[in-house]
Amino acid sequence: MENQFLGNQHFNISNQVVSATCPSNIALIKYWGKYANQIPANPSISYTLNHCNTQTSMEFLANEPFSVQTFLAGNEELKFAEKIEKYFKNIEQYLPWILKGKYVIKTENTFPHSSGIASSASGFGAIASCLMSLDEIFSTDNHQPSVINQKASFLARLGSGSACRSLYNGLVVWGKTDEVEGSSDLYAVKYPDEEIHPIFKNFNDWVLLIHEGEKSVSSTVGHGLMNTNPYAERRFQEARDNFVPLKEILKTGNLEKFIKLVEHEALTLHAMMMMSEPAFILMKTGTLEVINKLWSFRKETGHPLFFTLDAGANVHLLFPENESSDAIKNFIETELLQHTQKGGVVKDVMKF
Ligand code: PMV
């Protein structure tokens, strides 16, 4: 299957500078657990964000010995360079020119560094886009933009699984499911816009920065612990099954069922962490306080404010932009912001 992405051995390399911007994404049905070569244990679906993104410029110096130098917000990052070097060596069969030069990669994130917002999704998405721009310049044959983007998604996946979903706007699916035509374990596909009710197309995601700084357990380790988690198979099946009701919910605009499904997915992700061996907990006191307050608020007012979590303590507050959003925004500012470490909130919206 991967053969369709093998690179052409005929190429002409030259000194180049390319750049790309790639947004982050937040999963609704979560990817947690994988097989060899970044094959997901279950399909996942995410919203692509608008403001949280990574801008990357990549300078390629042809015919110099292979090396990678990386800068994050102007500061040299040796560990990141090592990771990228390894990644480039790993994808040589797909881009046969990739080890034939020196790279200087400069990246900037629009969201605060160490905020706990996954920079690997937007980061690898931007790097894969830059690589595909170079590939188009060096290749002797030209490709359709859709083919280029699909290969960018395929390459991003090999850097960080969830990154493959950042190459498309709107709702994006990664992982084979009969519920979504064309879906694949190898790359992400856009969930058809015409199958999505308008209420889901004008959505807010306000990220409360509950805990800024390094996570105690990386997602690489977390995915690995699913291999020995006795509940893993049940969880993978549940995620697969969740695509059936989700499809109906998205089409009919059933917000109530959407809220139930999305919050259940977030809590299941963290439940899996707690049931790993060794167990770990990434939520903090503030995470739980926010969830409890949010539930009371929803019960009392009926306003559709709900949450999801990624592999960290931060809370993604989700709500549609409609007649109740002013009341929701006011509640967040006055009641929830106090549970963040430094008053941090990133106000994002979904990108369609
Ligand atoms: O792409 P990774 O290896 O960083 O894993 C991401 C996992 C979650 O963010 C927790 C869920 C997801 O589907 O994005």
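A Cβ is built for glycine as well, from the same backbone N, Cα and C atoms used for every other residue.
Annotation source TrEMBL lists domain 'Diphosphomevalonate decarboxylase-like N-terminal' at 23-179.
Per TrEMBL, the feature domain 'Mvd1 C-terminal' maps to 207-331. The residues of the domain 'Mvd1 C-terminal' (207-331), classed with DSSP into helix (H, G, I), strand (E, B) and coil, number 75 helix, 11 strand, 39 coil.
In this model, the domain 'Mvd1 C-terminal' (207-331) carries an average pLDDT of 96.
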